[in-house]
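Asks: Supplied in structure tokens, the structure appears directly below.
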Amino acid sequence: MKGAVLTAAAVLAGCAAPTRSFDQARALPIPPLDEGELDGTTRRFELTAQSGEYEIQPGTMTPTWGFNGAWLGPTLYMRRGERIEMRVHNGVDEPTVVHWHGLHLPAAADGGPALTFDPGETWEPAWDVDQPAATCWYHPHPHEVSALHAYRGLAGGIVIADDESDALGLPQEYGVDDIPVIITDAKFTADGHLDETIDPTYGLLGDTPLVNGITQPRFEATTRRLRLRLVNGATMRFHNLSLGVPFHVIATDQSLLSAPVEVDEILLSPGERAEIIVDLAPGAQLMLRSTGIPRRGGLPKEAAQGFGFEDTFDLLEIAAPADGADPAPLPEGLSAAVDTLDGPVAERELRLNGFQINEQSMDMHRVDIVVDHAGRELWHVTNENDDWPHNFHIHNARFQVAEVKDGAIAFADGWHDTISIPPLATVSLLVEFGYYPDPTLAYMFHCHMLFHEDQGMMGQFVVVEPGQEPRLGGH
Ligand code: C2O
Ligand code: CU
Ligand code: CU
């Protein structure tokens with residue numbers, strides 16, 4: 001009844017949709033911006049994985065994990081051309097490791113499962129930032145328990161900046177008009193703990209969505225234009241995101257687009273990012289919503305419900321300032337870096353089925369693919385299941401969607417490192433790897449529904465010099 005009255009009032013006021021708001025809104029937490037310690041062009045970071053407790057839901061303290069704090073981690077800031085020296089301390093009571101999702105770096109710094117280290121130990125990866133401005137993120141990658149460690153809170157954002165993107169006049173004041181929006185989810189036990197029950201089909205799919213770690217967040221904007229860095233950090237959940245007004249996508253996983261693209265919604269599978277620009281009308285109140293996956297993502301009804309594809313959530317309330325100058329037109333061109341794509345050096349087929357890729361489960365001692373060149377490869381990735389969603393992520397790489405057969409990718413423009421593979425579709429990816437030959441350590445490719453990854457839906461590739469043989473674990 002109440003809903004009906006509201007709707008009628010909204011129609012009277014001439015609104016397209018009733019204004020939504022939370023009943024227990026709290027200020028959106030902005031993860032601290034960690035710029036490390038800059039020494040010339042070297043940036044040094046210290047991260048400690050630790051346990052603690054956090055008020056995820058109003059009035060309840062929940063035991064959690066985090067980096068340099070109780071829950072989630074700081075946003076790491078780095079610039080193209082810099083050397084990164086990282087010290088990661090394991091202060092939790094289980095072996096873990098941190099993967100820098102989206103970064104191009106040597107396998108010894110990538111944080112794959114082979115690099116897992118024990119409680120009390122410190123891991124010190126180092127690399128050069130040699131990729132364009134982007135929103136990336138970091139999360140754990142220990143063998144078979146990545147989902148659980150991420151779910152407990154070991155995840156944070158990474159902002160890579162460069163001179164080219166700085167000069168575009170885009171919002172870039174962190175926490176003011178440049179806002180990290182890290183979407184995860186949880187389920188809770190009756191006493192307010194994180195429910196770690198792993199469902200045999202849906203893993204740790206949570207029923208309570210969180211933005212930057214809390215329920216019912218509200219952001220009071222002080223500017224009329226916002227850049228939102230959307231990170232789908234959920235372990236299993238796909239989100240189709242809308243704001244009730246059109247917005248511009250300016251970047252996908254790996255870099256800025258060549259030009260802004262206006263959309264009404266954007267689909268992000270687990271692990272994917274997008275940067276969007278939203279212009280706020282004075283006094284407007286917006287709601288970032290997860291609206292359900294269009295056409296159930298190609299799944300039959302029952303599967304769609306099980307995987308949460310029909311769920312809708314209010315995620316983040318955004319209040320516009322009462323006044324302020326109209327935002328300037330967005331730049332017409334953003335990035336010149338969409339170079340012509342040379343033909344691939346090699347083609348490969350990857351068939352996703354159940355928890356396996358090409359009928360095989362992850363084996364840390366098996367090399368699935370050897371990349372012995374700096375050229376591009378064309379990977380044809382098929383989801384052979386008609387009733388399961390999957391997506392696909394490649395470490396130390398970026399790719400463009402070259403072709404989609406028997407399905408559709410809602411937003412295929414730009415450079416990605418993670419993408420949905422709809423049921424029965426084949427998505428062909430033109431892949432460019434970071435070329436850091438090392439025959440002794442592998443990079444991963446996997447489904448980024450982390451329960452699938454933990455169940456073995458992952459393979460290993462090794463990058464070597466032309467003609468060189470991989471020798472995992474060798475020296
Ligand atoms: Cu974000 Cu191997 O993963
Ligand atoms: Cu990754
Ligand atoms: Cu999968």
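In case you wondered, yes, glycine gets a Cβ from its N, Cα and C as well.
Pulled these from TrEMBL:
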DOMAIN    50-164  domain 'Plastocyanin-like'
DOMAIN    224-280  domain 'Plastocyanin-like'
DOMAIN    355-464  domain 'Plastocyanin-like'
Asks: DSSP helix, strand and coil counts for the domain 'Plastocyanin-like' (224-280)?
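Replies: Across the domain 'Plastocyanin-like' (224-280), the residues distribute as 0 helix, 41 strand, 16 coil.
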Asks: Across the domain 'Plastocyanin-like' (355-464), what are the DSSP residue counts per state (helix, strand, coil)?
Replies: 5 helix, 50 strand, 55 coil
Asks: Run through the domain 'Plastocyanin-like' (50-164) and tell me, per DSSP, how many residues are helix, strand and coil.
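Replies: For that range the per-state counts are 15 helix, 54 strand, 46 coil.
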